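Trainee: Feature annotation from Swiss-Prot assigns N-myristoyl glycine to Gly2; the stated evidence is similarity to another entry. Marked as deamidated asparagine by Swiss-Prot on the basis of sequence analysis: Asn3. Residues annotated as domain 'EF-hand 1' in Swiss-Prot, with sequence analysis given as evidence: 30-48. The domain 'EF-hand 2' annotation in Swiss-Prot covers 50-85. Annotated Ca(2+) 1 binding site per Swiss-Prot: Asp63, Asn65, Asp67, Tyr69, Glu74, in sequence order, evidence recorded as sequence analysis. Residues or ranges marked as domain 'EF-hand 3' in Swiss-Prot (evidence: sequence analysis): 86-121. Residues or ranges marked as Ca(2+) 2 binding site in Swiss-Prot: Asp99, Asp101, Asn103, Cys105, Glu110. Sequence annotations record features per position, and here Swiss-Prot assigns domain 'EF-hand 4' to 129-164. The annotation Ca(2+) 3 binding site is assigned in Swiss-Prot to Asp142, Asn144, Asp146, Glu148, Glu153.
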Amino acid sequence: MGNMDGKTVEELSATEIHRWYKKFMTECPSGQLTQHEFKQFFGLKNLSPASNQYIEQMFDTFDFNKDGYMDFMEYVAALSLVLKGKVEQKLRWYFKLYDVDGNGCIDRGELLNIIKAIRAINRCNDEMTAEEFTDMVFDKIDINGDGELSLEEFIEGVQKDELLLEVLTRSLDLKHIVYMIQNDGKRMEISERPRQEITTGNSLP
């Protein structure tokens, strides 16, 4: 799973791990979650091609050993990253999620498609359109103007821009997924969704 994921897993309590293990084995008695089961658990049906690609990309980034399954430790690492991951850890994961073709760079098309897919799944109605958000990201952090973002450009640029970090974190808030895991697959109503503390990844009161 790598050092990044190990650090977040170590921060989990035994109670949390036990609860997640019970839930995981209830939903997936075989101990290995397939991509199809991953979609099924979250009630993701009739997805657009872009949304379907996003979910498959998310699954692949959490399938750390690339065997086509998510086992319990990968499941824990994924959830701990969402709940307790530090900003840089989350940004590295976001980058992997955006880099659909795996070439080590994010282009405008990749970012735009992922943002559209996330908003469709999260049922977001942000004031800023996906196109405007994508333009803002590239205008602010594509330092060399080549139309692609390297990992270094992405992490350094986002961390230096408080507004961009806030918008990015809000756009990629995955706490609704954790809510569904903890509440037997029920979707979180928009009014229930927690505001995120940008610097720590925790919810604000």
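Each residue, glycine too, has its Cβ placed from N, Cα and C.
What you see is a predicted model, and the numbers here were worked out from it, not measured in a lab.
Could you place these features in context, so I can see how deep they sit and what lies close by?
Mentor: Computed over the domain 'EF-hand 1' (30-48), the whole-number mean pLDDT of the model equals 83.
Tyr69 (Ca(2+) 1 binding site) falls within neither a helix nor a strand when secondary structure is assigned with DSSP, and so counts as coil. Under a cutoff of 8 A between CB atoms, and with a sequence separation of 6+ in the same chain, the neighbours of Tyr69 (Ca(2+) 1 binding site) are Gln32, Leu33, Thr34, Asp63.
A coil conformation is recorded for Asn103 (Ca(2+) 2 binding site) in the three-state DSSP classification, outside any helix or strand.
In terms of DSSP secondary structure, the domain 'EF-hand 4' (129-164) contains 25 helix, 3 strand, 8 coil.
For Asp146 (Ca(2+) 3 binding site), applying a Cβ distance below 8 Å and a minimum sequence separation of six or more within one chain yields no residues.
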Trainee: Under a criterion of Cβ-Cβ distance under 8 Å and sequence separation of at least 6, what residues of the same chain contact Glu148 (Ca(2+) 3 binding site)?
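Mentor: The list for Glu148 (Ca(2+) 3 binding site) reads Cys105, Ile106, Asp107, Asp142, given in order along the sequence.
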Trainee: May I ask for the distance between Asp101 (Ca(2+) 2 binding site) and Asp67 (Ca(2+) 1 binding site), taken between their Cα atoms and rounded to an integer number of Å?
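Mentor: The separation of the Cα atoms works out to 18 Å.
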Trainee: Taking Cα atoms as reference points, which of the binding-site residues Asn65, Asn144, Glu153 is nearest to Asp99 (Ca(2+) 2 binding site)?
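Mentor: Ranked by Cα distance from Asp99 (Ca(2+) 2 binding site), first place goes to Glu153.
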Trainee: Centre the Cβ atoms of Asp63, Asn65, Asp67, Tyr69, Glu74, go out 8 Å, and tell me which other residues of that chain have a Cβ in range of the Ca(2+) 1 site.
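Mentor: My list of surrounding residues reads Gln32, Phe64, Lys66, Gly68, Met70, Asp71.
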Trainee: What does DSSP assign Asp63 (Ca(2+) 1 binding site), in three states?
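Mentor: DSSP assigns Asp63 (Ca(2+) 1 binding site) to coil.
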Trainee: Work out how many Å separate Glu110 (Ca(2+) 2 binding site) and Asn65 (Ca(2+) 1 binding site) at their Cα atoms, rounded off.
Mentor: 24
